[in-house]
Amino acid sequence: MSVDMNSQGSDSNEEDYDPNCEEEEEEEEDDPGDIEDYYVGVASDVEQQGADAFDPEEYQFTCLTYKESEGALNEHMTSLASVLKVSHSVAKLILVNFHWQVSEILDRYKSNSAQLLVEARVQPNPSKHVPTSHPPHHCAVCMQFVRKENLLSLACQHQFCRSCWEQHCSVLVKDGVGVGVSCMAQDCPLRTPEDFVFPLLPNEELREKYRRYLFRDYVESHYQLQLCPGADCPMVIRVQEPRARRVQCNRCNEVFCFKCRQMYHAPTDCATIRKWLTKCADDSETANYISAHTKDCPKCNICIEKNGGCNHMQCSKCKHDFCWMCLGDWKTHGSEYYECSRYKENPDIVNQSQQAQAREALKKYLFYFERWENHNKSLQLEAQTYQRIHEKIQERVMNNLGTWIDWQYLQNAAKLLAKCRYTLQYTYPYAYYMESGPRKKLFEYQQAQLEAEIENLSWKVERADSYDRGDLENQMHIAEQRRRTLLKDFHDT
């Protein structure tokens with residue numbers, strides 16, 4: 001199958017956030033170029049039997065609308081308020097403090113109910129409580145004489161006038177604070193229940209903001225819930241067991257890690273990927289690598305631009321086959337062990353000067369970063385290839401050269417390629433921070449095997465007319481099994 005290398009992928013549109021919407025809006029049509037689409041519709045196209053059917057990324061989750069999430073939260077709150085004999089607002093503060101783990105709350109309540117309320121910051125700690133030292137009927141903020149009925153306080157009895165409370169709450173809500181609105185007294189930890197704050201907000205606009213911030217804080221504190229990070233998306237993801245696993249919103253199709261809400265990053269764990277991304281953003285030395293799109297052919301020295309995702313390059317002038325990453329001859333590149341992904345440590349570096357160690361550290365970082373960035377660029381180029389395949393299939397169907405079913409395997413191959421390369425990209429931060437030893441050697445071996453099969457698949461996808469369907473689907477199966485094996489052995493978070 002030949003494809004036009006100049007066409008571009010389309011952009012996806014995102015819907016506005018509307019927490020008051022009663023019904024879910026219809027899902028938008030999938031954009032074939034989106035990274036979020038990598039995992040869709042692939043599993044059914046690669047036959048799995050026995051142990052091969054095990055998917056290390058399998059993870060049960062549910063997508064909830066705003067109303068469904070609110071209903072689930074209110075159900076917990078109503079039940080707990082009834083058992084603890086507290087107001088609904090206080091019950092919510094207790095739930096937030098204990099991450100909505102009701103069984104733990106009830107156990108603590110049975111053992112020491114007073115301490116539970118202190119820990120939830122709804123009652124003062126008797127041993128540390130400092131009563132107000134201001135004259136009676138005086139506001140402790142503006143120091144004005146105030147009628148008793150205009151003085152308001154929480155359980156700590158720190159009294160302030162209604163005007164100061166209104167100003168305090170309004171400023172905090174404008175700054176995006178929800179559950180965090182607290183007593184104005186210095187060093188007083190007590191939080192204000194929502195039924196205390198709402199009457200103090202002067203207009204409906206602020207009250208609506210406060211509702212949204214409360215909902216955000218309630219969801220973020222719940223150990224089984226995460227807000228979808230998609231732009232203006234109101235959906236909430238619910239799981240039974242919180243883990244660093246891939247979830248996807250069924251409204252905006254955003255794919256992310258449930259635990260950290262960042263882009264899905266298996267096999268790298270959440271803390272490591274944060275460290276890696278911070279390092280990439282901070283290190284100015286990477287700028288030259290980010291902008292590098294061309295290299296010289298190692299045989300005839302003609303300048304070559306990479307316009308596809310495959311790292312198996314063929315010079316258009318001399319027809320020399322070489323690796324884009326290391327410029328090695330492709331014929332001997334992966335004959336026994338795919339060396340291109342493995343960094344060779346200098347065993348004597350600990351005995352050398354600090355300057356030499358710094359140079360070695362930079363060399364190591366650039367080695368991994370260049371490969372990380374190269375696969376990122378390959379993903380973007382292969383997304384364009386996917387779009388062109390999609391358009392080519394449409395053209396063939398319109399010309400009665402087969403049905404969608406006949407050509408669907410080409411799209412599935414491009415999707416699986418992106419899925420595998422996406423995993424491969426995130427193996428490089430994992431390897432960069434990994435301690436040397438037998439486990440790292442095993443990881444590098446599996447990483448190399450995966451990379452070799454991905455490049456074989458990429459080569460065949462970009463030259464689909466030269467390979468029959470069985471050959472392509474066999475390569476898909478091999479690449480996916482390499483990917484699953486690596487994740488099964490190393491994605492243990």
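Even glycines carry a Cβ here, placed using N, Cα and C.
For the residues Ser69, Ser111, Ser163, Ser353, the entry in Swiss-Prot flags phosphoserine at a single position: Ser353. Between the binding-site residues Cys249, Cys270, Cys323, Cys249 has the most other Cβ atoms inside 10 Å of its own Cβ, all protein chains included.
The shortest Cα-Cα distance between Cys142 (Zn(2+) 1 binding site) and any of the binding-site residues Cys233, Cys252, Cys318 is the one to Cys233.
Note: the Cα of Cys297 (Zn(2+) 5 binding site) and the Cα of His265 (Zn(2+) 4 binding site) are spaced 33 Å from each other. When Cβ atoms from all protein chains are considered, those within 10 Å of Cys326 (Zn(2+) 6 binding site) total 14, not counting its own.
Residue density at Cys233 (Zn(2+) 3 binding site): 18 other Cβ atoms are found within 10 A of its Cβ, drawing on all protein chains shown. You'll find the Cα of Cys270 (Zn(2+) 4 binding site) roughly 17 Å from the Cα of Cys228 (Zn(2+) 3 binding site).
Taking the binding-site residues His158, His265 in turn and counting surrounding C-beta atoms within 10 angstroms, the largest count is reached at His265.
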